[in-house]
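K.L.:
Let me begin by handing over the structure; questions about it come next.
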Amino acid sequence: RIMRPDDANIAGNVHGGTILKMIEEAGAIISTRHCNSQAGEPCVAALARVERTDFLSPMCIGEVANVSAEITYTSRHSVEVQVNVMSENILTGAKKVTNKATLWYVPLSLKNVNKVLEVPPIQYVRKEQEDEGKKRYEEQKLDRLETKQRNGDVIFPIINPEPHTVGYSQSSLIHLVGPSDCTLLGFVHGGVTMKLMDEVAGIVAARHCKTNIVTASVDAINFHEKIKKGSVITISGRMTFTSNKSMEIEVFVDADPFVDESRGRYRAVSAFFTYVSLSKEGKPLPVPQLLTETEDEKRRFEEGKGRYLQTKAKRQAQMQQAAQH
C-alpha cells in the first residue's frame, strides 16, 4: 500500500511501528490460511514472537510498500513466517528492500481461545531446510524462557530529572483496548501492540537527543500472554544504552484486565528497540551519552553494551562472509 502522511513522523520517514504492523498482518494472514488448510477446528493464528528485525533503509511518504510472506518452518504447534518488505518509488520505479523479519505464530481455536491446535506440516524442498528450521525453533523457545524470567521490572516516574539521564527520557502510554484493536477472538493484534511500543520508544529517543529519530532495529519481541478486549494497557519505555550513534530502549507492555476482575495486572510483551539520530538532511548524528545514576541503570547499560557488541560482531562476520563469496 502507498505510504500516507499519517504513517510518518514530522520528517517524512515512515514510522517503524507502521511497518511492523504491516509485517504482522501479512504473517497473520498466511499462517491463519495454512492452519485452516486441512479439515478440523477453525482457528486464528496469534503472534507469539518476532525475531530481531533490522530496518535496512527508511521509507518515505508517497512510496509504495510491498510486503511478501512465506512459511519456512512448522513445528507441532507453531508456524515460522519470513516476511520481506520492499519500498517502491512509483515516480522513478526504483525499488529497495527495507525490512526482513521472522515471526512465530500459534493457532488458537475459535471455539476455545485457550486451546492451541496442531499445525499442518509443510513440505520441505530439502531435508536441510527442516533441520535449520528446527534449530531456529529450539533457539527461540530457549530465549522466550530466559526473557520471561527477567520480566519483573517496573518503571517509576522521577521528579525533576537531569537531561540525558534514564529518568529524563522515560515515557509511558496508556491505551484502552477497543474492538478495532482486536482479532476475531477478541485479543489484541500483535501489530497494534508493536506500533504502540514503537511510538513509546520513539518518544524516549526523541526526548533524549531532541532530533529527528528513526527505528534502526528491534530485538526479539516476545508476546508472553494474550491481551483481552476491554483491558487497559500501559506501554513503558526507558533508555538502557547509548553508543556514539545509536540508542537502545527497553519497552514493555503491562495489561490490566478490568473486564476480568479475577485477574491482576500482568506483563504481556517485552522488547528492545534501537534508534538512530538523524540530521535534517538524513545523515546520522552523534547521540548524547546516557548518564546512569543507580546500580540497576549501570547494570542495564552494561547488558545493553554486550548486546550492541554482539550485534556489531555478527554484522562484521556477515560482511566478511559476503565479501568472500
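Placed from the backbone N, Cα and C atoms, the Cβ positions cover glycine too.
Pulled these features from TrEMBL for this protein:
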type	residues	note
DOMAIN	1-111	domain 'HotDog ACOT-type'
ACT_SITE	N9	active site
DOMAIN	167-281	domain 'HotDog ACOT-type'
ACT_SITE	D198	active site
REGION	295-325	region 'Disordered'
COMPBIAS	296-306	compositional bias 'Basic and acidic residues'
COMPBIAS	316-325	compositional bias 'Low complexity'
K.L.:
Below 8 angstroms Cβ to Cβ, which residues of this chain, lying six or more residues outside the compositional bias 'Basic and acidic residues' (296-306), approach it?
P.N.:
166, 240-241, 243, 248, 250, 272, 290
K.L.:
What does the structure give for the C-alpha distance between N9 (active site) and D198 (active site)? Integer Å is fine.
P.N.:
12
K.L.:
Within 10 Å of the Cβ of N9 (active site), how many other Cβ atoms can you find? Include all protein chains, please.
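P.N.:
I count 17 other Cβ atoms within 10 Å of it.
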K.L.:
Could you tell me the mean pLDDT over the domain 'HotDog ACOT-type' (1-111), as a whole number?
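P.N.:
Averaging the confidence scores along the domain 'HotDog ACOT-type' (1-111) gives 94.
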K.L.:
Determine the Cβ neighbour count for D198 (active site): the number of other Cβ atoms within 10 Å of its Cβ.
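P.N.:
Other Cβ atoms found within 10 Å: 26.
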